[in-house]
Amino acid sequence: MHADDFLLGGVPLRSRFLLGTAGYPSPQVLREAIAASGAEVVTLGLKRQLATGAGDNGFIDIVRESGARLLPNTAGCRSAREAITLAHMARELLETHWIKLEVVGDEHTLQPDPFELVSAAAQLVKDGFEVFPYCTDDLVSCQRLLDVGCRILMPWGAPIGSGQGLLNPWALRTLRARLPDATLIVDAGIGAPSHAALAMELGFDAVLLNSAVAHATDPVGMATAFRHAIEAGRWGWRSGLIAPQDMAVASTPVAGRPFDL
Ligand SMILES: CC(=O)[C@@H](O)[C@H](O)COP(=O)(O)O
């Protein structure tokens with residue numbers, strides 16, 4: 001294992017960039033964007049996949065050829081029951097026990113329903129799944145998800161597809177401080193590489209995003225930019241950021257003190 005590998009559901013990974021696969025201009029651009037991102041985990045919406053017919057455009061083949069691990073998601077589900085059924089279908093069809101659990105409670109914001117989410121997560125953990133719940137940044141609902149056996153949490157940065165970045169850095173910082181043992185991945189709402197870098201500088205373990213790459217003018221270039229931003233943010237977190245100060249602190253050494261020993 002490399003020094004900064006991280007364990008995701010027990011699997012050692014080098015890349016801390018998880019990429020969504022929806023909405024790319026063409027299969028070829030998707031293929032190239034996955035390669036440029038360096039992502040080792042890609043997510044796909046099973047509901048969309050079933051609706052369009054599994055295997056359309058060789059979609060699953062593209063993902064498999066990339067060598068990335070599949071993380072099926074339950075995007076489009078509105079109840080625990082529906083999400084549980086879809087998760088079981090994903091396990092059968094795609095031969096993975098990983099599931100990104102999405103249960104939307106509000107159509108306007110696509111905000112996760114915390115009650116249905118905890119209920120579905122509890123059942124799926126019992127059924128042997130590694131559950132990646134897409135949740136809000138609310139500390140107590142995140143704690144409830146851990147209580148029912150989740151090891152990974154995916155709080156939102158902002159509503160899906162909004163590109164607004166991290167709307168509540170305080171809440172995300174609080175999650176990192178209060179849940180030191182959980183694997184925390186910012187998921188959704190990221191619009192720019194700087195947003196992803198900030199998530200990593202806050203100590204998050206990884207970032208998942210889709211729209212900012214898929215809908216960029218140059219998705220392959222943007223995947224590259226995010227790859228570097230996530231690595232830069234991780235290096236920043238690991239290297240110990242200086243604490244912000246209200247007042248100026250002279251950085252030029254005074255005579256006779258070249259080092260701050
Ligand atoms: C692809 C996926 O799983 C989305 O539900 C996810 O939340 C990404 O959100 P953005 O498209 O805002 O990056």
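The backbone N, Cα and C atoms fix where each Cβ goes, and this holds for glycine too.
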Further 1-deoxy-D-xylulose 5-phosphate ligand in TrEMBL, beside ALA188, GLY189, ASN210, SER211, within candidate set GLY161, GLY233, GLY236: GLY161
DSSP state at SER211 (1-deoxy-D-xylulose 5-phosphate binding site), helix/strand/coil: helix
Conformational class of LYS100 (active site, schiff-base intermediate with DXP) under the three-state DSSP mapping: strand
Model confidence over the domain 'Thiazole synthase ThiG' (8-253) (mean pLDDT, whole number): 94
